[in-house]
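Worksheet: the structure to be examined is printed underneath.
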């Protein structure tokens, strides 16, 4: 183990897309910056609406708030560095800084996964036990569940970083990725990676598949409950209350499952294509989720429209909106 305490690498260099030609660096940097601004504006808008409007202080929106914060922190952890790499050729990151970024990448990903499972639980109770929903799902309950998601998911990413940090890194310092993660870092170690990669893969599967299994179970129960509704209008209304959450969950889990499973069933991608897919499923949900909140959720949509009308016409006096409690 003494050799594991010696590292020949003092810093790392984030390559990004290895096949990208230098003349396109500015275009990619501009696209990534645009994505980052959209994430900041969209999610920041929801946080502002949640803070200013008491009508949004309901369990469902507390869950969305936690997901918004996780998305913002994940994007802020990953995007500024890769933007600087392509815009200012500043791809170098310190040895310790790379491990800190790795920890937060896996941590915020884990938090989002558990928060989505909590969202599925909320929808399950709302559809399957609508009369008991206010008593079963309270703001205190959601606060405790979300707090547990933020606290308990610390352990595995921290352990991954602690185990990988003292390895001997003498196989180069180029990170073939847009940010530091466990695979890209430990692949540079001059040691048997299986001892560290297998536990990390097992952790990834637990974090990905455990919430996904619960989500699938919840929505199967929801579908069964909805199909038992006698009227077509009632079924459509029930499905519409779940559609925003279902879209968000699909955007998060389906691409990740595809990437993890493709390597095990013989589907191979070029490095650049794989990184494009990873960046899409890392950035697209934080960009599109605020649109889903605002366009598919009645409370947020009406609150946003009210705020826009007030800002455009200071003399506008908003009327009290009758908001359905089913969608929350």
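A Cβ is built for glycine as well, from the same backbone N, Cα and C atoms used for every other residue.
TrEMBL annotations: computationally assigned, not manually curated.
Residues or ranges marked as domain 'G-protein coupled receptors family 1 profile' by TrEMBL: 42-293.
According to TrEMBL, the feature transmembrane segment maps to 24-50 (among others).
According to TrEMBL, the transmembrane segment annotation covers 62-88 (among others). Through the fold, the transmembrane segment (62-88) approaches residues 14, 16, 25-26, 28-29, 32-33, 35-36, 39-40, 43-44, 46-47, 50, 101, 104-105, 108-109, 111-112, 115-116, 118-119, 122, 139, 142-143, 146, 149-150, 178-179, 248, 282-283, 285-286, 289-290, 293 of its own chain, all at least 6 residues removed from its boundaries and within a Cβ separation under 8 Å.
Long-range contacts of the transmembrane segment (100-121) within the same chain: residues 60, 63-64, 66-67, 70-71, 73-74, 77-78, 81, 93, 137, 142, 145-146, 149-150, 152-154, 156-158, 160-161, 164, 179-182, 185, 207-208, 210-212, 214-215, 218-219, 245, 248-249, 252-253, each at least 6 residues beyond the stretch ends and with a Cβ under 8 Å from a Cβ of the stretch. Marked as transmembrane segment by TrEMBL: 100-121 (among others).
Per TrEMBL, the feature transmembrane segment maps to 142-162 (among others).
The transmembrane segment feature in TrEMBL is assigned to 201-227 (among others).
Summarising the annotation, TrEMBL assigns transmembrane segment to 239-261 (among others).
Annotated transmembrane segment per TrEMBL: 273-295 (among others), in sequence order.
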- request: Averaged across the domain 'G-protein coupled receptors family 1 profile' (42-293), what pLDDT does the model get? Just tell me the whole number, please.
  value: 87
